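Below: the structure, in structure tokens.
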Amino acid sequence: MAEEHKHEESIMEKIAEKIHGHGDSSSSSSSSDSDDDKKSSSLKTKVYRLFGREQPVHKVFGGGKPADIFLWRNKKVSGGVLGAATVSWILFELLEYNLLTLFGHISILTLAVLFLWSSASTFIHKTTPHIPEVHIPEEVVLQLASGLRIEINRGFTVLRDIASGRDLKKFLLVIAGLWVLSKVGSSCNFLTLIYIATVLLFTIPVLYEKYDDKVDDFGEKAMREIKKQYVVFDEKVLSKVMSKIPKGAFYKKKD
């Protein structure tokens, strides 16, 4: 009996060891999984995004119907808007059509067709054309005006900070951007510039959304190189220029 009792105890000890070993392996595997998750999450947080983007491109554009149009979620509407912009540019720029003349001719043609159709429908016993009621929603106009106001105020704040001499780097970037804009404006008129901006708005975001990983990788390398060149430029040029300028040129002495 004693031998049988010892045999049963040895069997129970082996079963307990297996259970504890399985628990330790599962806990170790879970801990390793959690470590892997932490590593993957840390790697994800370290991924460089162009312009500090933290949200998907669709969310950056507002996540509504305008974002769907710019990113070609609705291909019919996007193609229609881009096609209308192209036709308008051809008419006004290449054919040198006048806006008021075009509006007058289109209105005359549309009203004449609808009037003749409505008048003839009573004689040929067919239904009259359905003319929809067109109205601009107040909410859309208020949202557009509010967004435009926020961006304009932000631009004024940036210009004020630059004019106050607080950020030399931002000042040089803005001056370079305005110089490029003046050169582009001297080579093409305002209508062509608006059309180029429209085409870029309908092509660059959708391409960036498709190839964002490659673009972000290239942008990270480009930003590193730009920062290196700026450090060299700062040491050789800017620091020497700023050392020769008296501090009173930027800041007033306190009484």
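Note: Cβ is positioned from N, Cα and C throughout, glycine not excepted.
For reference, TrEMBL has these:
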- 1-40: region 'Disordered' (REGION)
- 1-23: compositional bias 'Basic and acidic residues' (COMPBIAS)
- 66-255: domain 'Reticulon' (DOMAIN)
- 97-117: transmembrane segment (TRANSMEM)
- 190-208: transmembrane segment (TRANSMEM)
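Listed by sequence, the residues of this chain that lie at least six past the ends of the transmembrane segment (190-208) yet keep a Cβ under 8 A from its Cβ atoms are 50, 57, 61, 70-72, 78, 81-82, 85-86, 88-89, 92-93, 184, 215. Mean pLDDT for the domain 'Reticulon' (66-255) in the predicted structure: 83.
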